[in-house]
Amino acid sequence: MAVDVAEYHLSVIKSPPGWEVGVYAAGALALLGIAAVSLWKLWTSGSFPSPSPFPNYDYRYLQQKYGESCAEAREKRVPAWNAQRASTRGPPSRKGSLSIEDTFESISELGPLELMGRELDLAPYGTLRKSQSADSLNSISSVSNTFGQDFTLGQVEVSMEYDTASHTLNVAVMQGKDLLEREEASFESCFMRVSLLPDEQIVGISRIQRNAYSIFFDEKFSIPLDPTALEEKSLRFSVFGIDEDERNVSTGVVELKLSVLDLPLQPFSGWLYLQDQNKAADAVGEILLSLSYLPTAERLTVVVVKAKNLIWTNDKTTADPFVKVYLLQDGRKMSKKKTAVKRDDPNPVFNEAMIFSVPAIVLQDLSLRVTVAESSSDGRGDNVGHVIIGPSASGMGTTHWNQMLATLRRPVSMWHAVRRN
């Protein structure tokens, strides 16, 4: 009997039934299919950056909205970064900037200060330093939810692209929203004027639009411009309303520095927030700030790079400036950091990084208030002016915030006008 059982087992092994062979084959094919799908997902996931926690600012969303030109600009930019990294392996202070393909582990090894120094190329200004923290957050404006947020006079959507072959800046004014919502006047039509600063050269005037609350300009202008002029020139977009007496009345203006857009490498497209032209005269200097957000670490980094042309309070001829950065949530101060004091310098170079822990879920409820102040003997400091940056700000404050969200993990630097308190 034992021999018969052994022979039966041996026969099953040598010549298994047909249905068992089918089961084994189906299982093997299923495993191969699962492995193939997994490998395909891993391969395709390397084609784009990690998904953003904010879908509206995901890279694929921008490519879909603005076309393949964004993808082409990105492909041009990556070899340029790689070339910079390869050509700067000498002194540590001249390390190349990280590309978007660098892993999070390599970023963590660098540390936030070295990473920001690489991206901004701040070697001429010295080593990037960490800011000081301030404990006191008590002030009258701590409970204000509208501090420094200027009333906007509508928005305009523009795009710009620089043709390096013909040295031409192509500007498109696409559409506008809420352009003539003003209580003190009534306008039935409007038009837009584009000027090149600082020469006040008019480069284009749009056709008159009758429906000024939601309109499509669809205007294109070409401006001959040398590459070196991109570092010095600005564009001013001015909207004029036409009243009952057919007079042209300025209803809003916005200025955009070409140096902050990196136009030779990539086009720019976005919404600009118009402001009252009279408020533009309240500027008491300019400040260069860099923002970046790392979603994996939930870390917002603000770099106070430098300021220029500061105007002191009370007609003083000299002062010792420093900068305070407040993190606001719904207008309330959540955190405060400040830079070191620079002695008697209207054009101070700070080059200090400030790191805030910010969960992604509350990022859209936050804003930054950057205050330039004068150091005093009693330690309080007199405020010179401020800048508001965030989703509820206006002008360049909103543009800078949106650009940061559109390029997560990479620093975005812009100049801001410091407005009088």
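From the backbone N, Cα and C atoms, a Cβ is placed for every residue, glycine too.
Database features, via Swiss-Prot:
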{"type": "DOMAIN", "residues": "152-272", "note": "domain 'C2 1'"}
{"type": "DOMAIN", "residues": "283-416", "note": "domain 'C2 2'"}
{"type": "MOD_RES", "residues": "S97", "note": "phosphoserine"}
{"type": "MOD_RES", "residues": "S99", "note": "phosphoserine"}
{"type": "MOD_RES", "residues": "S214", "note": "phosphoserine"}
{"type": "TOPO_DOM", "residues": "1-18", "note": "topological domain 'Vesicular'"}
{"type": "TOPO_DOM", "residues": "40-421", "note": "topological domain 'Cytoplasmic'"}
{"type": "TRANSMEM", "residues": "19-39", "note": "transmembrane segment"}
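Take the CB of S214 (phosphoserine) and look out to 10 A: across all protein chains shown you find 11 other CB atoms. DSSP assigns S214 (phosphoserine) to a strand in the three-state reduction. Taking DSSP states H, G and I as helix and E and B as strand, the domain 'C2 2' (283-416) has 20 helix, 69 strand, 45 coil.
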